[in-house]
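To start, the structure itself, in C-alpha cells.
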Amino acid sequence: MAEDTRKQVLVFRHGQTEWSLNGKHTSISDIELTDEGHRGAVALRPLVQQWKFSLVLSSPLKRARETCELAGLGDLMEIDPDLMEWNYGQYEGLTTEEIRRKVPGWGIFTHPVPGGETPGEVAARCDRVINRILDAAGDVAIFAHGHYLRVFAARWLKLAPEQGQHFVLDTSSLNRLGYEHETRAILTWNATIGG
C-alpha cells in the first residue's frame, strides 16, 4: 500500500529536566520537568491547536506525558512503550564527559552501552512506531526523548540509526516530518518556540 504523502508527523522532545540541563543520560529514570520545562511545554500549546491529530502517542515516562498534557493533547494521548528513551544501562545518570574518562572518545551512536541498548535495538522500536503512524488515518503527534527521536528521524528517512547523531535536538522542540512529493523528508527540525 502506498504511503499517504499528505500525512505529517509532529515530533516533540519533552520539556527541560534537571538531568537534560546538566547533560546526564536519562532513560529509565523518571525525572520531573523543571519550571522552564513546564514553560516550554505550555509554549507548544498554541502551535498544536492549529492541528487535528488522528493519533497522539507518548512515552510512558512522566517528562514526556507531562509535556503532552501541558501542550494540550493529554485527552488524546496514548502511551506507547516503544517511545521510551534509549536505555543507557550502566551509563544512566552519567554525562558524556564522565563516561569518556573511562572510555575515551565514547559516543552513544558509536560505542557499546553496557547493560543498555544498541542503535539497532532502538531502531527496531522506532520502526514499530513508524509502522503504526503509517497505518493512522491522518496527522500524528509524538512526545518522546532526545536520543530516541534522533534515531526516529533517521529511520523516518530510511537511514541507518547511527545517522541520528547528525540531528541535534533541544528540549521542548518542534520537529515536523512528512514528504517532499513521494519521498519522506524532514520539514522542520529543532524549532524552539520559547517559553
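From the backbone N, Cα and C atoms, a Cβ is placed for every residue, glycine too.
Per TrEMBL, active site, tele-phosphohistidine intermediate is recorded for HIS14. The substrate binding site feature in TrEMBL is assigned to ARG63, GLU85, TRP86, ASN87, TYR88. The active site, proton donor/acceptor feature in TrEMBL is assigned to GLU85.
Taking all protein chains in view, 28 other C-beta atoms sit within 10 angstroms of the C-beta of TRP86 (substrate binding site). The two recorded residues, GLU85 (substrate binding site) and the residue listed as 'active site, tele-phosphohistidine intermediate', have Cα atoms 11 Å apart.
Taking the Cβ of GLU85 (substrate binding site) as centre and 10 Å as the limit, one finds 24 other Cβ atoms among all the protein chains shown. Looking at the residues that bind substrate per the record, ARG63, GLU85, TRP86, ASN87, TYR88, the two CA atoms farthest apart are separated by 17 Å. Excluding the listed site residues ARG63, GLU85, TRP86, ASN87, TYR88, the same chain places HIS25, THR26, SER27, ILE28, MET84, GLU92, HIS145, HIS147, TYR148 with Cβ atoms within 8 Å of the centre of the substrate site Cβ atoms. Within 10 Å (C-alpha to C-alpha) of HIS14 (active site, tele-phosphohistidine intermediate) lie the following binding-site residues from ARG63, TRP86, ASN87, TYR88: ARG63.
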